[in-house]
Each structure stands twice: as C-alpha cells, then as structure tokens.
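K.L.:
Handing you a structure now.
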Amino acid sequence: MASPIIGKSRSNLPNSAAQPSEMSENLTLKREIGLTSAISLVAGTMIGSGIFMSPEWVLHNIGSPGGSLIIWAACGLVVIFGALSYAELGILIKESGGDYIYILRTFGSLPAFLFAFSSIIVVRPAGVAAVSLSFAEYALVPFYSGCSPPQVMIKCIAISCILFLTLVNCLSVRLAMSMMNIFTAAKLLALLVIAVGGLVLLAQGQTHSFQDAFQNTNMEAGAIGIAFYQGLWSFDGWNVLNSVTEEVKRPDVTLPRALMIAIPLVACFFLLVNVSYFAAMTSVEFLTSGAIAITWGNKVLGNWVWLMSLAVALSCFGSVNGTFFCGSRVCYIAAREGHMPDFLSMVHIRYFTPFPALIFTSVVSIIMVIPASFNKIVNIFRWVFLTTHNYSMKLISQPLFDYFYVPIIIPIIFLMISIYLVLTPIIDQPQLEFFYVILFIFSGIIFYFPLVHYKYCPACLRKLTIYMQLLMEVAATEKDMN
C-alpha cells in the first residue's frame, strides 16, 4: 500500500513537514526496554483477568481439583516450550512484529498479509477491548454492592481506559514502561497475597478439596482440550516481547532471559493461586462463584474483600497497557513492510513513538468495546496462527549461534499441542463462529492483490498520508536490527 510520499526506499523521501532537514538521518524507535522492563512487559501482560476467571471453567471441564491443578501445571509447561521457541526466533530474526514477521520471512507476503489483516483488524484490538471491559467491571464492583454495574457505565470506563493508555503510549515509551513496571509489581504482590492466604488455610487443615482430589475427573480428549484452552487463555501475552524486538536493549541476551524469568514465575504463581482457591472453597462453591477472586476474598479477607476487586482491576489495566503497546507495533511493522497504509509506519519526530499505529489501534479497540461479544473468535484466531508460526520456525532456523539453541523436540511438542488445541473445540463443540473466522481470514485476499501485490494506491490514500504527516508530525523510519 505504498504512496508517493512513503515508498519502499526510506532514504529518498522528499523534504516535507514530516521530514524537516534538521531531523537526524535515521529516525527509528529507540531501544528503551531493558531486562526489568522486558520481564514486566511479559509478566504484566500475562497477568490479566484470566487467572481470576478461567479457574472456574477449567474445573468445569476437567471435573476435579487434582485434574485442574495438573492442567494448570501443564499449561505453564506448554507456554515455557513456546517461549523457548520464541526466544530462538527473536535472536535469529531481530525484527519487531512477532508472529507476523516470522510468517513473512518464512511463507512470504500473502500469508503474512492475511495474518496482519486478521490480527490488526480483529485479534489485537479485540484483546484490548476485552480486558478493558474486565477492568471497568471490576473497578465498578465496589460501587455497586449487591448488583451488577450498568453496561453503559462499564463501556464508558473501558473507553476511558483505552484513551488514557493511548495518550501515555503516544507521549513516551519510557513512561509506558514505567507504568508497566509499577502495575506488574502490584499484580505480583496481589498474587502473592492469594498464594500465602492459601498456604495459611492449608496449614489450618482446610484440605477438603484435596481429599479424593481426582474423583470425577473427565478423561475425554475433548474435555481435556477445552480445559487446556481455558487455562492457556490466562497465559495469553507470553509472546508479546517478540513484537517489540527492535526496542529491546541487547535482544540476544535480554529476550531469552526475560522470557525464562517471567514465564516460569507467572506459571508458579498461577498454580499456587489455584491451590489457594481450592483451599478456600469446595468444588461446588468454585463452580457457582461467578467471580472466583471475589468469593475467595469474601472467605479469606472478610471486610477487606474490596482489595480483590482492586487487584483484579489493576491486573486488567496493566494487561491492557501491554497488549496495546505490543499490538500497535504489529500494525507499525506491517505498514513498514507495505501491508498496511504507509502513514501507519511513521514515528513522531519528537516523541519517537509509532503515533499513527497507536491511534489506529485505539480507534479499532474502542469500536470493539461497543458489541463486546468476540472472545471465542479471538481465541481461535490466535491459536490458528500460533500453529502456523511454530511450523515456520524450524523451516528457517539454523544453529547460527552457540549460546542459545532450542532442541528441535521442544517446538515439535509445542506445535503438536497447538494443533490439538485448535482442532479440539472445532471437533468437540462445532459452532458457526469457526466458519466465520476462516471466512474473514481469507477475505483479506480481496484487498491483498490490488493494494499490495499490484501496489494500487487510491488518490484519497495519498492525500490522507500527506495530511497525517502534517497533522501528527510524523515521518518514515529506518530499520534498526543491531
């Protein structure tokens, strides 16, 4: 989707308001994500609303506390396998964009465009919208004791959350990362409180859920797959760091270290939190809770139960920040590769942030808040492309470095599990939404051939590019893969 203002060659741009002669020769996003921020970004994005909602559905599908804990431990192991694969990919391909860039470098332009089309238009904005709605709901719970908050109020708070984070991310990467660090620390503290509370209950002899812990376990393949599916939703965000590789300091070292610190840490916390839930509640209470963290708070914290609502709200807010930050980078990279309008690949000349991509992601996310009925479709989109990318990994990777190489068995195991998780809900609980997902993905072909393959650029898009450059004070960037 190239325009006359921004073509494939970034070095031959005409002088314009968006590229003053005083500007430095190579405008790029700055490397401002160190090890601490990288760990916070991964852990903070993973710890959202899932750990406070998914345990109920994992137990519902697997049928027993013991089986549920095994599912959670297995989910953590699967994600660690995936993280090892991503760490190798991030070292091999030192470009931002995550799944998108790996598919592009392996399978070529069309599959990458279909991924970007689906991810940028549906998956990433819907993820931002979904967690924003969870933040709004839990933030309002203390003010509506005994009843549910009005939907209009929930959506207004969710939109305000998105707008605030848009402003923060547009102004400064460092400010966004500082906020991420603070909220991640608060979330880990909240999980620690729940975990310690559970250990205290166990020490007091509340082990009812662990007597005959595997009774009524559902061993059907479909039920296990759905339980895995629900558990892995809580781990969503483990691969976000690969979306911002070009902004990570010393990615060769930082990327694998951050992933191998953040993900096992979060996995251990998730397992301990589930143990705490079972220590405080029977299986019947667990399944009828509706808001398991609040039920746990009522039983353990008493009058301080409002702290759990606050903890969930903070968790969701931090997760939105991480999802939004990384989702906008996929949009930015896709535009830089010619798969989205060129103005989306531009960076603010003073703030060094992908201003247009952030605004675009914000607008689509706000639109997604209005219907708020898309979680199932988002999950199918995500896992379909995880299987595609993992197959691509071993097609391109070679042992080009001695200090970090993943044995081939690990991505193979992760690939097999991903395929199983994609097929299980389709086979076990076939629904029309799955057909809509496939149809939407391939509908991108309609746009690919005229706009990308044949590089047709409508006059209105040319004018829009110039207007956006002048309005937002943005200019084209150079790749930084050092």
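Just so it is clear, glycine is given a Cβ too, placed from its N, Cα and C backbone atoms.
Sharing the features that TrEMBL gives for it:
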type	residues	note
COMPBIAS	9-21	compositional bias 'Polar residues'
REGION	1-21	region 'Disordered'
TRANSMEM	33-54	transmembrane segment
TRANSMEM	69-93	transmembrane segment
TRANSMEM	100-121	transmembrane segment
TRANSMEM	156-176	transmembrane segment
TRANSMEM	182-203	transmembrane segment
TRANSMEM	258-280	transmembrane segment
TRANSMEM	304-330	transmembrane segment
TRANSMEM	351-374	transmembrane segment
TRANSMEM	403-422	transmembrane segment
TRANSMEM	434-454	transmembrane segment
K.L.:
Check the transmembrane segment (351-374) against the transmembrane segment (156-176) for contact, please; criterion is three or more CB pairs under 8 Å, pairs 6 or more apart in sequence.
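P.N.:
Counting Cβ pairs under 8 Å, at least 3, so yes.
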K.L.:
Near the transmembrane segment (33-54), which same-chain residues lie under 8 Å Cβ to Cβ, leaving out any that are not at least 6 residues past its ends?
P.N.:
131, 134-135, 138, 173, 177, 180-181, 183-185, 187-188, 191, 230-231, 233-238, 240-241, 244, 247-249, 254-255, 257-259, 261-263, 265-266, 269-270, 273, 291-293, 312, 315-316, 318-323, 325-326
K.L.:
Are there residues at least 6 beyond the ends of the transmembrane segment (182-203) whose Cβ is under 8 Å from a Cβ of it, and what are they?
P.N.:
39-40, 43-44, 47, 51, 265, 269-270, 272-273, 275-280, 293, 296, 300-301, 307, 311, 314-315, 317-318, 321
K.L.:
Should anything in the same chain at least six residues away from the transmembrane segment (156-176) have a Cβ under 8 Å from its Cβ atoms, list it; otherwise answer none.
P.N.:
29-30, 32-33, 128-129, 132-133, 135-136, 139-140, 247, 317, 320-321, 324-325, 328, 348, 351-353, 355, 358-359, 362, 365-366, 369
K.L.:
Given the transmembrane segment (69-93), which of the listed stretches 100-121, 304-330, 434-454 has the most Cβ pairs that are under 8 Å apart from it?
P.N.:
100-121
K.L.:
Report yes or no: does the transmembrane segment (304-330) come within contact of the transmembrane segment (100-121), defined as 3 or more CB pairs under 8 Å with a sequence separation of 6 or more?
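P.N.:
Counting Cβ pairs under 8 Å (6 or more apart in sequence), the transmembrane segment (304-330) reaches the transmembrane segment (100-121), since there are 3 or more.
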